[in-house]
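Asker: Quick one: this structure, given as C-alpha cells, is what I'll be asking you about.
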Amino acid sequence: MGLFNLVKRFPLDLLQWVFLLLRIFVALVYSLVFETLRLSKSTVGGILYQIALDRERILVLGLPNSGKSSILYRIKLAEFIQTVPTSSYIEEDCMLCRLCLIPVDSCIHNQVKQVDAIPIRLCEFGINDDIDVLEDWLRYASRVLCVLNMSDTSTVKESLQFASHVITQHNFFHQSPKYVIFNNKTDIVGSSQASMLSKVHIPEHIANRVTWINGSALTGHGIVNAMRFLLLEDQRIGFKETHAETEDLIQLY
C-alpha cells in the first residue's frame, strides 16, 4: 500500500519540485539581470537601466531667442554650447548630483564614490510645434523652467505675458507644480536684473511655488539655484534663498 501511494503521488511531487526549481531559477535570473542593469553604464544594459529610471521631468519654455537650448545643455553638460533655434521639441536625459546639482560626470562627489544622483529629463518646446503639442507637454512635466531674455527691451512685455500664460495654463494639470522664471543673459551689459515677478500673473494658491532667478547660460550663473528650487525644495513652503557663495558651483566646471 505504501509503495502504491508513493507511485500515485509521484507525478504531483514531481510537479512541486519542478515548480520550486523554476521559482529559484527565475529569482536567480532576476537578481543577475537587475545587478547587471544597475552596475552597467556603458553597455546596452546601462541604457535599459537609464530608460527604466523614474525621471524628474522639467519643461523648458520661452520665446524665440531667449536661450532655451543653451540653458538646457548648460544643465545637461555643465558647459556653454552654441545652439541654433530649435525647430521641434527635443528631449535630453541627464543625472545631477543631489549635493551640488551638476552633472555627475563633472561632479567631484562622483570621483570619491559618494554621489547620489537625481535622474532628470529636460524637454524643450520647438518654434515650429503646434499649440496642441505645447498643451501635451504641459501635461507631461510638473516642473517648468520659463526662460526670459530681459536684455531685449522690445520683448519684455511679451515675455512676461508668455510666463503668465504658461503658469495659468500649466497649473491646472498638476497638483504640485514648480516654476522658475529664469531671466537669462544677465551677463550682457545693460540687461535688467530687477525681479519682475510682481508683473507675472500667478494664482494665489501656487504663489510659493514660483520664483524669479537672474542668470546666464553663458556663465552658468543661476543654474544651480534654479535646479535647487525645482528639484529639492519642499513644494509646500517654496524656495529658500541660499548664500551667494554657494549658489553656482556649476561655473567651476
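Using the three backbone atoms N, Cα and C, a Cβ is placed for every residue, glycine included.
Any TrEMBL annotation is an automated prediction that lacks curation.
As listed in TrEMBL for this protein:
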BINDING   GLY62, LEU63, PRO64, ASN65, SER66, GLY67, LYS68, SER69, ASN184, LYS185, THR186, ASP187  GTP binding site
BINDING   SER69, THR86  Mg(2+) binding site
TRANSMEM  14-33  transmembrane segment
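So where do these features actually land, and what's packed around them?
Answerer: A simple way to gauge crowding: the CB of SER66 (GTP binding site) has 26 other CB atoms within 10 angstroms, across all the protein chains here.
Reduced to three states, the DSSP call for THR86 (Mg(2+) binding site) is coil. Non-local neighbourhood of THR86 (Mg(2+) binding site): LYS68, SER69, GLU124, GLY126, ILE127, each in the same chain, at least six residues away, with C-beta under 8 Å from its C-beta.
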Asker: Grab the GTP binding residues from the record (GLY62, LEU63, PRO64, ASN65, SER66, GLY67, LYS68, SER69, ASN184, LYS185, THR186, ASP187) and give me their largest CA-CA distance in Å.
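Answerer: Roughly 19 Å, rounded to the nearest whole number.
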Asker: What is the total of other Cβ atoms whose distance to the Cβ of GLY62 (GTP binding site) is within 10 Å?
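Answerer: Its Cβ has 24 other Cβ atoms within 10 Å.
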Asker: Which of the three DSSP-derived classes (helix, strand, coil) applies to GLY62 (GTP binding site)?
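Answerer: Strand, per DSSP.
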Asker: In three-state terms from DSSP, label THR186 (GTP binding site) for me.
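Answerer: Once the DSSP labels are grouped into three classes, THR186 (GTP binding site) ends up as coil.
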